[in-house]
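Undergrad: There's a structure below that I have some questions on.
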Amino acid sequence: MVVEADKKALICSFCSKKQHEVKKLIAGPAVFICDECIDLCTDIMKEENKVALKQITSSIPTPQKICGILNDYVVGQDQAKKILAVAVYNHYKRLEYVQSGNNDVELNKSNILLIGPTGSGKTLLAQTLAKILDVPFTMADATSLTEAGYVGEDVENILLRLLIASEFNIAKAQKGIIYIDEVDKIARKSENPSITRDVSGEGVQQALLKIMEGTVASVPPQGGRKHPQQDFVQLDTSNILFICGGAFMGIDSIITSRTNHSSIGFAANVNIDKEKNNSEILKSLEVEDLTKFGLIPEFIGRLPIVTTLDELDKEALITILTKPKNAIVKQYQKQFELDDAELVIDYSALETIAEKALAKKTGARGLRSILEHLLLDSMYKVAELKKQRVTITKEVVNGLVEPIMTSLISTKSNKKQPIIADIPA
């Protein structure tokens, strides 16, 4: 009798309806929720998703505007910018279409693969896109990922970073962008399937398949391995845009081998590829080349948009140093300005810096380290001396002389000199 009385006393903890007044009453730890409250919560979540999506899609610039903003930060790579601008614009328009409920034509998600040498701007392009669109963005290094159950990061940790970037707003996170760098490092060790497990290569590719295609993933909010008893957050990856990038060192040889093989015969020009640089060779990239490199066909299939980035020449590196809104030299000039000092760099010095970066094959990424090394002693001194003008010449870059320091107080005019001297028009 006591049990029967208890059953009759059960009520929903949210709306206070009794058990016999609702269809279902679901029990939790010391609480109950009825089916009507569950439906109401579901409607609230759907409405929040619509609002979050509307905020994103209503502010999407056109492909031309996206490309224009990319030009302010990224030098060169015009074709890659155009492809990315169109792909991102179409991706978020697709979300708007899906949310509208008009499903006459099913629009599939188009993830992106960026292939280009180190320091060519792959990461910067992805970061700038996220900034333009004002959506949650996170980066992951594919080299740290391993198959579940092995030492290393699980692929779900990538989704956790996106959740953190969105301040655990699930609706926003589900419309975010994930950039996976060094994806060429998870290529399988040989073209033929291996009997032994390849936990950091093919195993990672297999683990990434589902989240890239679209699935409801269980994300551990405190990290997967240190807190196994935690509750999981359910995150739908169907509308998350994945951008993968990698240098793919050696793929040019695979392309050259294929193109030379296809041109065997009396009319074949055997020297044609010797005259091409890597950027021109990469433009002939086919899916079979990626397969030979070590990406499995299923993984390639999740990346329908493939674009290649050009190698940066000396002029491009000089432009990167001086022209963009966040140009490296402008950043150092601002740091000197905060110490009541000025920084002037001769054009010949810029040329030498660019040549050094080219020799190291580090692309734009190596420019900052070269400048940091050149300016270290000057930054150490001007913080104490104040009112100093530091001039960097070609001889300074080559290590023949120290940076030239002159007092601004002793000069007749305190009018600031240009950040860079003697730049040709």
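Every residue gets a Cβ built from N, Cα and C, even glycine.
Annotation source Swiss-Prot lists Zn(2+) binding site at CYS12, CYS15, CYS34, CYS37, citing sequence analysis. Here Swiss-Prot flags PRO117, THR118, GLY119, SER120, GLY121, LYS122, THR123, LEU124 as ATP binding site, drawing on sequence analysis. Residues annotated as domain 'ClpX-type ZB' in Swiss-Prot: 1-53.
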Undergrad: Would you mind sorting out which of CYS12, CYS15, CYS37 (the binding-site residues) have a C-alpha within 10 A of the one on THR118 (ATP binding site)?
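TA: Passing the 10 Å Cα cut: none.
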Undergrad: Give me the mean pLDDT over the domain 'ClpX-type ZB' (1-53), rounded to a whole number.
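TA: Over the domain 'ClpX-type ZB' (1-53), the predicted model scores a mean pLDDT of 76.
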Undergrad: Out of PRO117, GLY119, LYS122, THR123, point to the one nearest CYS15 (Zn(2+) binding site) in space (Cα versus Cα); all of them are binding-site residues in the record.
TA: THR123
Undergrad: Determine which residues of this chain, when PRO117, THR118, GLY119, SER120, GLY121, LYS122, THR123, LEU124 are set aside, have a Cβ within 8 Å of the centroid of the ATP site's Cβ atoms, and list them as they appear in the sequence.
TA: GLY116, GLY245, LEU309, GLY363, ALA364, ARG365
Undergrad: Check the DSSP secondary structure of CYS34 (Zn(2+) binding site), expressed as helix, strand or coil.
TA: strand
Undergrad: Cβ within 8 angstroms of the Cβ centroid of CYS12, CYS15, CYS34, CYS37: which residues besides those meet this for the Zn(2+) site?
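TA: Close Cβ neighbours, site residues excluded: SER13, PHE14, SER16, LYS17, VAL22, LEU25, PHE32, ILE33, ASP35, GLU36, ILE38.
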Undergrad: To the nearest whole angstrom, state the Cα distance for the pair CYS34 (Zn(2+) binding site) and THR123 (ATP binding site).
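TA: If we compare the Cα positions of CYS34 (Zn(2+) binding site) and THR123 (ATP binding site), the gap is 48 Å.
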Undergrad: Quiz question: given the binding-site residues CYS12, CYS15, CYS34, CYS37, LEU124, which has the greatest number of C-beta atoms lying within 10 angstroms of its own C-beta?
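TA: Ranked by Cβ atoms within 10 Å, first place goes to CYS34.
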Undergrad: Please report how many Å separate the Cα atom of LEU124 (ATP binding site) from that of CYS12 (Zn(2+) binding site), as a whole number.
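TA: That separation, Cα to Cα, works out to 52 Å.
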Undergrad: Return the residues near LYS122 (ATP binding site), defined as same-chain residues 6+ apart in sequence whose C-beta is under 8 angstroms from its C-beta, sorted by sequence, else 'none'.
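TA: Spatial neighbours, sequence-distant, of LYS122 (ATP binding site): LEU114, GLY116, ASP181, GLY245, GLY246, LEU309.
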Undergrad: Which of the three DSSP states, helix, strand or coil, fits LEU124 (ATP binding site)?
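TA: Going by the DSSP assignment, LEU124 (ATP binding site) falls within a helical segment, counted as helix.
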Undergrad: Within 10 Å of each Cβ, count the other Cβ atoms and name the one among the binding-site residues THR118, SER120, THR123 with the highest count.
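TA: The residue with the most neighbouring Cβ atoms within 10 Å is SER120.
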Undergrad: Restricting to the same chain and to sequence separations of six or more, state which residues have a Cβ under 8 Å from that of PRO117 (ATP binding site).
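TA: Looking at Cβ-Cβ distances below 8 Å from PRO117 (ATP binding site), excluding near sequence neighbours, one finds ALA247, ASN278, LEU309, GLU311, LYS361, GLY363.
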